[in-house]
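Listed features, source Swiss-Prot:
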type     : residues                                   : note
BINDING  : Lys10, Phe58, Arg86, Thr92, Arg103, Asn113 : ATP binding site
ACT_SITE : His116                                     : active site, pros-phosphohistidine intermediate
Amino acid sequence: MIQQTLAIIKPDATKRHLIGEILSYMEKNGLAIKALKMLHLTKEQTEGFYAEHQGKDFFDPLVAFMISEPIVVAVLEGENAVENYRLLMGATKPEERKLGTIRKMFGLGYRENAVHGSDSETSAKREIAYFFTPSEIV
C-alpha cells in the first residue's frame, strides 16, 4: 500500500551538513520526496508538535534540542512508507542500531539521532498536516 510519512532531519544532522546525504539515502531506498522545507522551529511550534510528551522527563531537553538549529521536514511516499522509513531510520537506542540504518550511520547519541519518523499512519497524517498544507505536497 502506498503511504506517506513525515521525516525530520534533526538539528544534530543539519549542523553537520548531512541534509543532502540523508535525503539521497531516503530516495535510494525507495522513498520519494513529495514535500520539503527547512525551518528553524520556535519553542511554541516544538511544544505543539511534541504535545503528547508534555510532562515527561525528556520533554524540556527535547524541545531545547529541536530549537537549537534548523531542521528539515519532508513528506516521504512509498510502499508501506511508515514502516519502511522506520526500518531505514533504525533504533532510537544507540546500542540497538543496525548497519545500514540512518541512525547507525549519522546518529551521535540517544537524542542526537539525526532523524525522526512518524510511528503510525495516524501519526503520519497528523504530523504532515502540522508542517504542510495539501497544496505544498506534490
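Glycine too: its Cβ is placed from the backbone N, Cα and C atoms.
According to DSSP, the residue listed as 'active site, pros-phosphohistidine intermediate' sits within a strand segment.
Sorting the binding-site residues Thr92, Asn113 by the number of other Cβ atoms within 10 Å puts Asn113 first. In terms of local Cβ density within 10 Å, Lys10 ranks first among the recorded positions Lys10, His116. If you take the Cα of Thr92 (ATP binding site) and the Cα of the residue listed as 'active site, pros-phosphohistidine intermediate', they are about 9 angstrom apart, rounded to a whole number.
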